[in-house]
Amino acid sequence: MSTTLRRAWSSLNGNDGVLPYFLATLNEVSLLQARPPPGHAAAALALRRRRRDTPPSRRRVPKENVDPGSSPAGHSPFRSPTSSAKPLGNRNRGLLPPRPPSSNPLKRKLDVSPAAAADSSGGAAAAAAAAGGGCPAPDSGVQVVVRIRPPCRVEEEEDARAPDLCVRKTATNSVAIQGQDFTFDAVADEVSTQEDIFKLVGLPLVENCLSGFNSSIFAYGQTGSGKTYTMWGPLSALSEDSTCSERGLTPRVFEQLFSRIKEEQGKHEDKELTYHCVCSFLEIYNEQITDLLDPSPKSLQIREDVRTACVYVESLTKELVFTTKDVTQLLVKGLSNRRTGATSANADSSRSHCVFTCVIKSESKNLEDGSNSTRTSRINLVDLAGSERQKLTHAFGDRLKEAGNINRSLSQLGNLINILAEISQSGKQRHVPYRDSKLTFLLQESLGGNAKLAMICAVSPSQSCKSETLSTLRFAQRAKSIKNNAVVNEQKEEDVNMLREQIRQLKDELHRMKSGGSDGSNGSFSTGWNARRSLHLLKMSLSRPTTFQTIHEDSGDVEMEIDENDVEKPYNQDNMVISPPGDKECKELQASLKINGGTSLDVFDGENLMPTKRSCSDDRYKLNLAASIQRGLQVIENHQNNGAWRRASVGFNARIVDVQPCKVDVAIQTEPEESEARDNPLALISSHVLGTSATVSNDPNACRDLQLVQYDAGITRDEPKQQQILKAVEKVLAGAIRREMARDEQCVKQAAEIQQLNRLVQQYKHERECNAVIAQTREGKIARLESLMDGTLPTEEFINEEYLSLMNEHKILQQKYENHPELLRAEIELKRLQEELELCRNYIDEKEVLQEEIQDLKSHLHFMLSSSASIRRLWPPVQLSHGVGPSPVTNDADGDNNAVDTPDWAEAESKWVTLTEELRVELEANKSLVGRLRSELESEKKCSEEVKEALQTAMQGHARILEQYAELEERHIGLLAMHRKIREGVEDVKARAAKAGVKGAELRFINSLAAEMAVLRAENKGLQDQLGDTAEAVQAAGELLVRLKEAEEAEALAQRRALLAEQETEKAYQEIDNLKKNYDQEIVALNQRLSESSHHQETTLAIEACDMETTKYDTAGSPGDQQWREEFNQQGGSFEVSKSTDLNSWFSGYDKCNI
């Protein structure tokens, strides 16, 4: 073996000595030690054969592309067997190869066993077969998929002399280039489709997103390798039908996402599951961030939230999406605004990195426990600009500047990935330069943070792009070593501790009753105190199980006999239930709320005390309120007059603690007489008690001290005692199971406490961050003062910076002050009190105004009614002409008729009188209605005053009851002290009895102790009954308060109805005024027309008399005059007739229109 080791060391110092040879030598040594070697010559021959079969590599790996961990050689078991990497040079090689770090995951591949040595040649093929067969590998945090772009026509023409592709797919998850094999999660060759890429990367991303994980997809590669096509597809495919085969990864992801959202919502309809998706689209061009959804020339800035340590882009447009069509529209808009340019390598080259982000928030509610769950996940789809070389792209000007920024950004990304890979492999912490570029700073969660990362590395198979393809594959290999820490982003809002919450609410209610009870007469009682809420809190507190505090004892098991009858009674009373009363009590008091049962208290050996349970019956609302109040008052008076009540130094604890049932030491004494067993108060527990405690107990300490004791075989003939022994054994076994279950419950409670402590830690962390910001401003101020003292900073600039710093500090302190919970609570309380005061003032002012308006309307109505009769007597009766009746006719000498219409004023006046009478009747009805409503309002006011007085009295009684209830809780300490003393005395008696044995004198002493304990038990039961009666009285008072509150609401409703009636009366008054005004105007118009009509008749009669005299003295007339008369007659009659006709017709029509 020494010869073999010497040759191994010489091989390490030779030209071909590398780590695999040393490992193979160690393998040979292990084989030689496992079985007797045939000789040193055989071992040396095997070593020389292994060295001869392994050809050396001719190619060195560039130092910047070496894996961040230790770089094994080409034929190491760490690499694929077909690798042909060149060994390390002499200057990098020492006596021993560098030891890989202990946390290097590649060490798992090393196996120096004989089986591993035999199968070392097919290791890579087996790994590839396992990956291809669908066997899930351990999740490394980063999924790397390589996609080989099919060669284009130009590349086929250029590579006509060398038709072989530079990279080829050798397995489902490995590729080969220049004799080197690279293994990844999956490899998509030239014939792969967009659907294949979506199945490899998109489907897991959607499922991770719905599970609450942050997920990211990076597309990396050289320019023209198909990154943009893979991520988005052509723009024509986005605007076409969704069945287009060229659609990219992003639209397919969101189509699947919305489909799964609908499926989840249909599956969890009972949880009220809702989803909200918010998308944004940005690009990084020449280290400047712009918004693709809002193409403005301004540059956006990256901000970091100091409270949550989240990085975000300020003023970035965010769109809420609901369907795949909405996402497609955003993609089309953003990609059309993205900066692209033409180069010699790519006609449509992307000149910027673009990031499409979608934040998905899901909210669900569990109806069983009332908890709310919120999951938030983020999807980052990143299309990186391709790296390029100037000698291939022939870029100049702006294109050259863009290429420099792109290469610089990708170089910083590669440096970051190298550091992260080194940290993941070595476990040593290093500074991670996230802030070197805006790309890495923006996506730091995806790189080594809380996200699941998938990287699509696009490569070109052309021989001209061989070096870029090799660099991309090495980059992907380094990225595969990164370890992310993805967690589910879920927040659950669980219910708070009901015990503390109810105690706090009851104390607040008591304080509110004491402070605001005397303000109930101001009309705003309902705004300051809610009786229904107080009753609900009281019922919840009474319905919760109540137990005493746990009293631990250090004494061990003592063999004693326990009286079965004395112990069974309190165990049978294991529930305190507020149940409907029986038939007898319903006949006497239908409203009494019966509280049955009591607490199960083991005063002998009970480390824990039996819980009491209350369950409120729904039938208590149907009982009579008055009888219930009377019953409660009687109970309180009886308690005050009872001497035992005053002498009792114990109280009932209504505080809710953990349910910890009792345990009883079950043992057997050697006395077989049944009479002594019946007389002994420390007899065996009945089987019913054992079964009950076995099924109810959940205490981890329950039955801790139970054991089986030896007993005399002579008394086993008693069959009942044998059954008791068997059931005691059953209880011991059940106690073991209960202890295990109780341990689980204790773990749950401790987890809840840990969660509460975590919340406190988060709160303290937030305060520390605020203090850190303030400290940072102080340090900046000190630095500015130093610069000012040194003279490097001008005074004006110092003043400006100091002012800005102080403004920022003031803003931080203002936010801290405004967000203080005490300040917010005080502001809310002040606003509530101001609103109540304003309501009271408005109510008083409106009441006074309404009363004044009612008085004015009453006086105005009285005046109108009294004046209408006098006005009607003063006006003469008028007649209106309808122009349709017969009229007197006068004939002139030419046969013309003059018709004069006589207006019928009496008929019109009768109509007006009828209308006035109707209005008077309606007015009287309104007056009676107002009087009735006024009387109702007065009665409601009286009722309201009575209700307020009763409510005040009930409030005072309720406050006294609550004080008594609180006093009972405080007096529970006295009960615990008394119980401890009793238990110590019993323990002393047990110890003495165990030492001396149970004999006549000792038995009588024990009997006397049992009598005292029975008295104490009876007193305890009386206290429980008193507490039940108190609870009954409290509930009755609560019911009274609720009824009084409802009466107050009815009073408010009656007041609103009275207000509506007054408004209707006011409207009636307004209608009467309008009718009177119209009536006055019509009367004046009719008088004027009557005077004009009489004057017109007189004028007409005078004209007709003149015409008759002229006709009498005229002769036959001249021919001209005769001709004029004929022409006038042909035109339609004489002048007088036409005039008279026109006047009559106009007056008649006018009268018709107006009447």
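Glycine is treated like the rest: Cβ placed from N, Cα and C.
Here is what Swiss-Prot says about this protein:
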type	residues	note
COMPBIAS	47-61	compositional bias 'Basic residues'
BINDING	Gly221, Gln222, Thr223, Gly224, Ser225, Gly226, Lys227, Thr228	ATP binding site
REGION	349-353	region 'Microtubules-binding'
REGION	382-388	region 'Microtubules-binding'
REGION	431-435	region 'Microtubules-binding'
COILED	823-861	coiled coil
COILED	934-971	coiled coil
COILED	1006-1089	coiled coil
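Secondary structure from DSSP puts Lys227 (ATP binding site) in a helix. Averaged across the coiled coil (1006-1089), the predicted model reaches a pLDDT of 86. DSSP assigns Gln222 (ATP binding site) to a strand segment in the three-state reduction.
Every protein chain shown contributes to the tally, and the Cβ of Lys227 (ATP binding site) ends up with 25 other Cβ atoms within 10 Å. The region 'Microtubules-binding' (349-353): residue composition by secondary structure is 0 helix, 3 strand, 2 coil, according to DSSP.
Neighbouring residues of the recorded ATP site, listed in sequence order and excluding Gly221, Gln222, Thr223, Gly224, Ser225, Gly226, Lys227, Thr228, comprise Arg149, Asn346, Gly386, Ala458, Ser460 (Cβ within 8 Å of the Cβ centroid). Taking a C-beta cut-off of under 8 angstroms and a sequence separation of 6 or more, Thr223 (ATP binding site) has the following same-chain neighbours: Thr343, Ala345, Asn346, Ser349, Ala385, Gly386, Ser387, Glu388, Thr393. Per-class residue totals from DSSP over the region 'Microtubules-binding' (431-435), listed helix then strand then coil: 2 helix, 0 strand, 3 coil.
Every protein chain considered, the tally of other Cβ atoms within 10 Å of the Cβ of Gly226 (ATP binding site) stands at 18. Sequence-distant neighbours of Gly221 (ATP binding site) (same chain, 6+ residues apart, CB-CB distance under 8 A): Lys227, Leu384, Gly386, Ser387, Cys457, Ala458, Val459, Ser460, Thr472.
Residues in the region 'Microtubules-binding' (382-388) partition by DSSP class (helix H, G, I; strand E, B; coil) as 0 helix, 3 strand, 4 coil.
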